[in-house]
Amino acid sequence: MKPMIPALLLLAVGSVQAAPIAMEDQSQLKVPGVQAAPQFVPPAESELPDNAFGKMVREGHALFVDTRRLMPEAVGNGMNCSNCHLDQGRLAHSAPMWGAYPMYPAYRKKNDKVNTYAERIQGCFQFSMNGKPPAADSPQMTALATYAYWLSTKAPTGVEIAGRGYPEVPQPKDGYDFKRGQQVYREQCAICHGDSGEGQKVAGEYVMPPLWGKDSYNWGAGMHRINTAASFIKYNMPLGKPGSLSDQQAWDVAAWINRHERPQDPRLVEGSIEKTRVKFHANDGVNLYGQKIDGVLIGEGTGS
Amino acid sequence: MTPLRRVVIGSLLILAWPMAHAADGQKIFTQGGANPAAMACLGCHGPDGKGIAAAGFPRLAGLPAGYLSKQLHDWRNGSRKQPVMEPLAKALSEDEIKAVSIYLASLPADPVGDLRRQQIADDPTTRMALYGDWSRQIPGCVQCHGPGGGGVGEHFPPLAGQPASYLIAQLNAWRDGNRSNDPNQLMVGVAKAMTDDEIKAVAEFFARPVSQEVKP
């Protein structure tokens, strides 16, 4: 019983100051390294049953790959689930759904409570898609959760399965460099994502997602962390050429992308970037929110 | 001549000037360039620029001007090889390349199928076209070439409406090195990872007229 008391005290303090973390973040435990080769194979489309469940999986799949167009009321920018979770949420080292679904419910540091899978997805809508999350009992949430559940068929629950998340890319000893990052961006990324990170559209719909600006992920999204973006980039970008950038290049270009303005963190505390930084960004990996770069305050937010 | 008529004629001349300028591209398309070796495009690419499928001559109509211009330059520098187009590209002047590219980009193309990505792809060819095969690092064709393969920006040309034999020839050219002008070598890796059967099937998938794609 004794060890519980300091933990409870810390929790109580945390609710006031939100600084000390009383419990490990179970949703963000160390992602297995790339040395552990992914073994899990999600089920094939051909295995999908032709019944109400199969239909719901198909609906969830549709929302997953075409989120912005099918859920305009919930998505406030130009992003789809499949922009961060490649190959329809199937790809190892691209935060596949089969690595995520079986890990919930889980405690998350981000909102300091035990989250259901639906609550986790709501986080994606609030931050990565800068929108209004669908209700936990909405048909869309049921469809998305059913799709993730189906992809996780035969995966163990509560196990850090190899291939889950984005493998951590250690920060290079000399940190990162914006100028080098800009160079990598120009040479490797701009062809799809545009010279100004604006993405590319066809007939008004994004085909290649915007990386900054009003239609990109907001300052509260996990991808705003340089370490997270570096991990995603290293193992997934350029599309079809994963692993082609060095760790240094991945960090440099992640820093370049994430120094640009994007929609404000919806958790903005009393209209203050500094208060928001202290509460939500100071202990959130490597990020630039609320810092000054070349004399310019980062985190002002852009567009709506 | 009254002053008014002078003004009218003067205005007409000014109005006609940009049209005459644009006609350069059209003239190259229909009659060829100033150098006789720069033959007229329509001879092989069809009077509407939509290509001649039976011969495998590609569609040029509605392709991005930047893409067309880059291809002509690449035939000159050897990063794209093709016995007919190489001397032809070398016979065009810089201005002519620019003009004909802009003209071709302005030509109307057939509508592109609005093949979105909502459906789970049940057959392997549709799956390859829409989603690729990530066990071999192959992205879905439409992820870069756009919905329905209609093209995205200047760097990702349309696949839709191109003859299957042309698309097959290009994928094979990337495999054997006759074509190495893809930005960031994005196509080389994809082409080398695909099998002959997949190349044929996916080429036919995009070459298929839109009308046959739409099923009730």
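Placed from the backbone N, Cα and C atoms, the Cβ positions cover glycine too.
Just so you know, TrEMBL annotations are computer predictions that nobody has curated.
Here's what TrEMBL has on this protein:
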{"type": "SIGNAL", "residues": "B:1-22", "note": "signal peptide"}
{"type": "DOMAIN", "residues": "B:20-108", "note": "domain 'Cytochrome c'"}
{"type": "BINDING", "residues": "B:Cys41, B:Cys44, B:His45, B:Met85", "note": "heme c 1 binding site"}
{"type": "DOMAIN", "residues": "B:122-210", "note": "domain 'Cytochrome c'"}
{"type": "BINDING", "residues": "B:Cys141, B:Cys144, B:His145, B:Met187", "note": "heme c 2 binding site"}
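This view paints the features noted in TrEMBL onto the structure.
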| residue | record | DSSP (3 states) |
| --- | --- | --- |
| B:Cys41 | heme c 1 binding site | coil |
| B:Met85 | heme c 1 binding site | helix |
| B:Cys141 | heme c 2 binding site | helix |
| B:Met187 | heme c 2 binding site | helix |
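Counting only same-chain residues at least 6 apart in sequence, those with a Cβ under 8 Å from the Cβ of B:His45 (heme c 1 binding site) are B:Gly51, B:Ile52, B:Phe57, B:Pro58, B:Arg59, B:Leu60.
Just so you know, the Cβ of B:His145 (heme c 2 binding site) picks up 22 other Cβ atoms within 10 Å once every protein chain is counted. Along the domain 'Cytochrome c' (B:20-108), the predicted structure has mean pLDDT 93. Helix, strand and coil counts under DSSP for the domain 'Cytochrome c' (B:122-210) come to 55 helix, 7 strand, 27 coil. Taken through DSSP, the domain 'Cytochrome c' (B:20-108) splits into 52 helix, 3 strand, 34 coil. Sequence-distant contacts (6 or more apart, same chain, Cβ under 8 Å) of B:Cys41 (heme c 1 binding site) comprise B:Ile28, B:Phe29, B:Thr30, B:Gly49, B:Leu60, B:Val100, B:Leu104. Filtering of the binding-site residues B:Cys41, B:Cys44, B:Met85, B:Cys144, B:His145, B:Met187 by Cβ separation from chain A (threshold: under 8 Å) yields B:Cys144, ordered along the sequence. Separating the Cα atoms of B:Met85 (heme c 1 binding site) and B:Met187 (heme c 2 binding site) is a whole-number distance of 21 Å. For B:Met187 (heme c 2 binding site) paired with B:Cys44 (heme c 1 binding site), the C-alpha to C-alpha distance reads 26 Å. Summary for the binding-site residues B:Met85, B:Cys141: the Cβ-based neighbour count within 10 Å is maximal at B:Cys141.
Cβ neighbours of B:Cys44 (heme c 1 binding site) (same chain, under 8 Å, six or more residues apart in sequence): B:Ile52, B:Ala55, B:Phe57, B:Val84. Using the Cβ center of B:Cys141, B:Cys144, B:His145, B:Met187 for heme c 2, the list of other same-chain residues with Cβ within 8 Å runs, in sequence order, B:Pro139, B:Val142, B:Gln143, B:Gly149, B:Phe156, B:Leu159, B:Leu186, B:Val190. The Cβ centroid of B:Cys41, B:Cys44, B:His45, B:Met85 marks the heme c 1 site; residues of that chain outside this set whose Cβ lies within 8 Å of it are B:Met39, B:Leu42, B:Gly43, B:Phe57, B:Pro58, B:Leu60, B:Val84, B:Leu88, given in sequence order.
Of the listed binding-site residues, namely B:Cys144, B:Met187, the sparsest CB environment within 10 A is found at B:Met187.
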